[in-house]
Amino acid sequence: MASASWSGVPRWVWVPAGAGALFIVLPLVALATRVEWGSFWSLITSESSRQALLLSLRTSGAATVLCVVLGVPMALVLARTSFRGQGLLRSLVLLPLVLPPVVGGIALLYTFGRRGLLGETMDVLGLQIAFSTTAVVIAQTFVSLPFLVVSLEGTLRTAGQRYEVVASTLGARPTTVLRRVTLPLVLPGLAAGAVLSFARALGEFGATITFAGSLEGVTRTLPLEIYLQRETNPDAAVALSLVLVVVAVLVIGLVRGTRGSQP
Amino acid sequence: MKRIMGLAAAALLLTTTVAACGSSDDASRGADAPKATTITVFAAASLKGAFTEIGAEFEKANPGVTVTFNFAGSADLVSQIQQGAPADVFASADTKNMDKATGDDLVDGTPADFATNTLEIATPPGNPAKIDSLDDLARKGVKVVLCAPEVPCGAAAVGVEQASGVDIAPVSEEQSVTDVLGKVISGEADAGLVYVTDVKAAGDQVVGVTFPESGDVVNTYPIASLAGSKSPEAARAFAEFVTGTKGQAVLAAAGFAKP
């Protein structure tokens, strides 16, 4: 079957490609082999594990909503308009992707912390962000936002503006065009970006530990719980790691699904 | 034919790269071996300042010996040693983690206790929450950050709470002393429990508040040369240097007490 159709890929490419795949899969296999299957269920359902997983799902969900609310307009501005300094803006938006998470955490600390740039203002408003679940959501949003913006901007550019132009020449106002034409057109891309953001938020560790702290049920997300368990109970850390891997694989599978349905 | 050539070229490229990585490593090792010895010391993160200085003193006293360090949490270091990390000396921040290493027969001889450390309250400069005693940490509205009970500094904090009967409700249980200090220095927390040596090392970034109950929980630091060492003599010499006059002087200057 495969040899009948011309793929255009030289056969030797399979060798490094296979090596690359092994490089990613092997550590996951190694992780799975170290799981104490006998006690797996009790390890992942302990009170602290459950709290951590639930908190992670809750905060990642909230972070994803924030990413959509803030990221969709950003992607629209980047893809559909042009102005001076747009290139710089695009680079800045991408920054959290490449920053070490701990740097993001420190930056957030000096922005939203008690003595941070906005700290006093928020104190006056009665908002206490330090050591709260809100801080976790902020940290996760900070690192996940670029995923949504980048993937949606790409989709917007690929989709082009033909239908939008037609709609507006037929008299539709910009908001109507956005609501009735643009958004439905890029919905698969938006969904993919949202799911990616969710996955990134789920794995967030460095910025959270630096900015939000670690308290069971309040700020200790699954990655923080894994890091802590490793000190005393490596078996629990391995079991929880596997849970995180499985959730991540499911989430990425979801992205593949939405991508696949794209025209 | 072309395809096979391509495949061969790729294979060749792969092997030469792998070989190149391997050989450069061997070459550097081989060149060092006859005239110089390098020992790797795995030491608890809290020893970073003192041990860096002791390492320099040790190199001065033993020409030809180079000391490299791996500073991390003691539990991490033990698991790295258990997984076969090339370490010559292990200095732990508590006896519990050293016991793990001795239990697995990874230690050469018997570990020696070389320092002790006690807890102290760290507050941001100016002590804004007016913390004077351990009791103040249980006051309502005071944001206290502790280490998690799972890590040694957190276990010590639990010990102090139990010994004094003061019940502290922290706003965060951090992973390490450094994390606690970070929250105090930035002013996010009103107070944190860290080691005496951490307050000293942080300089005027924090204000230390001593409390009498700290004497109830004393953390002992053991050091041992490791069974897997390729330079057992140099490893033993380093462990002895730490427990010797010079080493003890450096540790005392950093705020550690004698065991």
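Positions of Cβ are set from backbone N, Cα and C atoms, glycine also.
Because TrEMBL annotations are produced automatically, they should be read as predictions rather than curated entries.
For the molybdate site that TrEMBL gives as B:S74, B:V177, B:Y195, the extra residue drawn from B:S46, B:S214, B:S225 is B:S46. Of all residue pairs in B:S46, B:S74, B:V177, B:Y195, the annotated binders of molybdate, the farthest apart have Cα atoms separated by 15 Å.
If you take the C-beta of B:V177 (molybdate binding site) and look for same-chain residues 6 or more apart in sequence within under 8 angstroms, you find B:A45, B:S46, B:C147, B:C153, B:V194, B:Y195, B:D198. DSSP gives B:V177 (molybdate binding site) a helix state. In the three-state DSSP reading, B:S74 (molybdate binding site) counts as helix.
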